[in-house]
Amino acid sequence: MLLALLFIACLPPALSVPTCGKDHNDGYQVRLSIKTALGSDAYAWNPSEMFLFRATLAFAMRKVLQAQPFEVSNIVVCNETQRVSFWFIVTSPDDNTTLIPKATVERAVRESRKRINSAFLLSDKTLEFVGIHPTLATPIQPATPTWLIVFGVVMGAVCAGIVALLLSSFVQKRRRDRRKGQGDKDSGRGVTCDGLEGRDGVYNLSFSDDDRLTKL
Amino acid sequence: MDTAETDGPKTEERPKWDNKAQYLLTCIGFAVGLGNVWRFPYLCQIYGGGAFLIPYLIALVFEGLPLLYLELAIGQRLRMGSISVWNSISPYFGGVGVASQAVSFLVGLFYNTILAWVLWYFFHSFQEPLPWSQCPVIEDQTGYVPECEASTPVNYFWYRETLNISPNVETSGSLHWWLVVCLGAAWCIVYICFIRGIETIGKAVYVTATFPYLVLTIFLVRALTLPGATEGLRYLFTPKWEILENPQVWLDAATQIFFSLSLAFGGLIAFSSYNPEKNNCERDAVLVGCINSATSLYASIPIFAILGFKATSNYNSCLESNILALTNKFDIADQNMTIENYDSWMDYLTEMAPEQVAQLHLRECSLQTFLDQSASGTGLAFIVFTEAVIEMPGSQIWAVLFFVMLFSLGLSSMFGNLEGVLTPLLDLNLVPKWMPKELFTGLICLLSFSVALIFTLGSGNYWLEIFNSYVGSIPLLIIAFFEIVAVVFIYGIRRFSSDIEFMTGRRPNLYWRVCWMVISPLMLLVVFVAYIAVQVQSHPTYPAWDPEYEKFPLPWVQPYPDWVIAICVLLAGVPVLPIPLVALYQLVKFLISRQKRGSRHAPNNPYTNQAFEIKKIIITEEQHFLNIKI
């Protein structure tokens, strides 16, 4: 009886040792694509790199839950594959058996995402936390949209050109008119010509019609 | 032929080209337009690559060159714009000139709208990164705009941020200020080049006609070094001879040559009317025609190299996404599975775990499918090409170069369009004397800009396609047919040959005469009938961009509503209406005047000088008076 009771008493703690893996609710899967990101400069994934990962994650947790001193041992990793992918869960520093809920872990990862990425020389795409979508960067919006600036430059040049051409043709026309007006009055040798402005004709005195009917 | 020199604005003499090069460059610039870059390569691709060149060259030799020579020759001989030229040949054919003018005006409207779009893209090419390379994010930054996610960023930028297109042609939407502004800029640029007629055009054309060749060469050199370029070129030029049995190929080759040379717009007649009288227009015609076709061929090489590159990139990204999915699923080491060993891995995995592979729903990646995704027209320039440019390193420079090239190509064609509208008006003295030419040109540009505002509405793109299909096709065929009939049968081939002998120094040889008298009119008639037959076979439809469509992003092919079809018929019919109307008017005038002459039996005989008789009486009386006095 006592043995049974002892067994029953020992069961819950045994059951509550946190297990990580696919079936666990509070864990996250991580995938790293080091060769894709770095090509020939790729480093090999080894236990030291794993230690760095756990340390970085502990740092991220500390940033979010400032009261609790997370240690490397609080980040439990399992199911490592040669893809380089693994699962991890985060245990509470006060009590090894309690897990930090998924939402808090997600918040921690999101806030320190950039630091985690740069620790491994990777990016959001190549260091993937399955289930945590990266926040999309806001495209930089300059105060004046770029296209309006270019438009302003082009239109300014075109309008200046139009005004210049119109002015020059106007000036040319005036100069031509003025020259035409002067030419009538003075042909350059002191000879003046009168036009037939408004008159029907000039009576030509040298022409007489006396001898129209010749007397035979 | 006795040409009564109308005195009109010709108290000064007719403007002249500064030199032969300006004239040739202007004609080449008019002929070489956007169609050479975005229609010919597409036709080459869908009609069996190298095999298409055969119907194309046959159409050039038997239809394109004779018509081109004819237009240049009559313009040079009669030295007037299109309306006056046809009036001189025969008053009954004056309507041909009016029809040319109407078509030039309508085509100029939508052509400049395309240039406005090119300007819009050009302005945006200075942005880093290119705005069509990424989807915009929604406000809370958790995802991309759904319309953009469903299609591609390039499509989204074109249909939503540029056109802001409405879901169908009935929904007009409102005027889009950014398009209005770009349209205004485009018309201002056209105005500044046109401000003093051929004086300024002749200068502008040194740049606009030569720059595209420079850019095409730069693109050629760059494109041939891109990976996948050879795939595209091989795809383009591999001839599929059996396609020649399809009559549609011959029809499209004939229409392509015809529209590519910009015949029947009246612009070529106007340009050659500024030539000196004794100019070898035969050589000019052959030169312009051959350069136009050569440019089409030359342009298709970099275009297809770049499309091949784009297809290869798409194919590679498709494979990469499959590889990623498989690598993640089967926990294969990173980069163990690559594009090179993809096939062997796939075989291995499908053997080992077929259900798991099937579960992943991998995309079917086929290079051929990507190569088949062809496009012509605005789709090629603004969707396919812009997507290719993103992948190229230094994408902004390539985008800027490409859009400046498109703008130059279109601008030099706009010169011809506007010339076809303005020169007849100036020649007919419809311009009041007090109005300087600059003001008149400005008014025409302003009028065109106001009418073209319909293309800046939400449904503007749909209307542009309608204008493109109906105004820029059937009326031109009809006008060209009447042109050739008027010259060959009314004016007379003998008189025309004498004119050509006067201008070039020798009579046209057998080839030209046979083409003018028989082959070209016959070809035009056949092409016209076949074109109409193909059009009426099915109810016309159009692809609409509707995000609500269940198969979005595929375009929703909808039929045109009846009122739109009525407008299409009007657009095709009204420009050619002047031809019968003017002929009828002249006939009625002739009949009335003959009737009036018949009712008087002392006609206006110029030899009876009634004033002389009256004067004689007066002198005799005076003389009598003087005699008495003396």
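A Cβ is built for glycine as well, from the same backbone N, Cα and C atoms used for every other residue.
Of the residues B:Asn87, B:Asn280, B:Asn292, B:Asn461, TrEMBL places B:Asn292 in the same Na(+) site as B:Gly29, B:Ala31, B:Val32, B:Asn36, B:Ser260, B:Leu409, B:Ser413. Excluding B:Gly29, B:Ala31, B:Val32, B:Asn36, B:Ser260, B:Asn292, B:Leu409, B:Ser413 themselves, the residues of that chain whose CB lies within 8 A of the CB mean position for the Na(+) site are, in sequence, B:Ile28, B:Phe30, B:Gly33, B:Gly35, B:Ser262, B:Thr295, B:Ser412. Taking a C-beta cut-off of under 8 angstroms and a sequence separation of 6 or more, B:Asn292 (Na(+) binding site) has the following same-chain neighbours: B:Ile28, B:Ala31, B:Val32, B:Asn36, B:Ser260, B:Leu261. Sequence-remote contacts of a segment are chain residues at least 6 beyond its ends whose Cβ falls under 8 Å from one of its Cβ atoms, and for the transmembrane segment (B:175-194) they are 112-113, 115-117, 119-120, 123, 162-164, 200-201, 204, 208, 411, 414-415, 418, 422, 441-442, 445-446, 448-449, 452-453, 455-458, 460. Following the DSSP three-state reduction, the secondary structure of B:Val32 (Na(+) binding site) is coil. Within the same chain, the transmembrane segment (B:397-418) stays apart from the transmembrane segment (B:514-534): fewer than three Cβ pairs sit under 8 Å, each pair at least 6 residues apart. Remote same-chain partners of the transmembrane segment (B:91-123), defined as residues 6 or more beyond its termini with a Cβ less than 8 Å from a stretch Cβ, comprise 34, 81-85, 162, 178-179, 182-183, 185-187, 190, 264-267, 269, 378, 381-382, 386, 399-400, 403-404, 406-407, 410-411, 413-414, 416-418, 420-421, 424-425, 448, 451-452, 455-456, 460, 464, 467-468, 471-472, 475-476, 478-479, 482-483, 486, 490, 571, 574-583, 586-587. The Cβ of B:Leu409 (Na(+) binding site) lies under 8 Å from the Cβ of B:Val32, B:Gly33, B:Leu34, B:Asn36, B:Val37, B:Thr208, B:Pro212, each on the same chain and at least six residues away in sequence.
Most Cβ pairs under 8 Å to the transmembrane segment (B:206-229), among the stretches B:249-274, B:286-307, B:514-534, belong to B:286-307.
Sequence-distant contacts of the transmembrane segment (B:286-307) (same chain, at least 6 residues past either end, Cβ-Cβ under 8 Å): 24, 27-28, 31-32, 36-38, 40-41, 44-45, 53, 56-57, 60, 64-65, 68-69, 72, 213, 216, 219-220, 222-224, 226, 229-230, 232-233, 235-236, 257, 260-261, 371, 374, 380, 384-385, 388.
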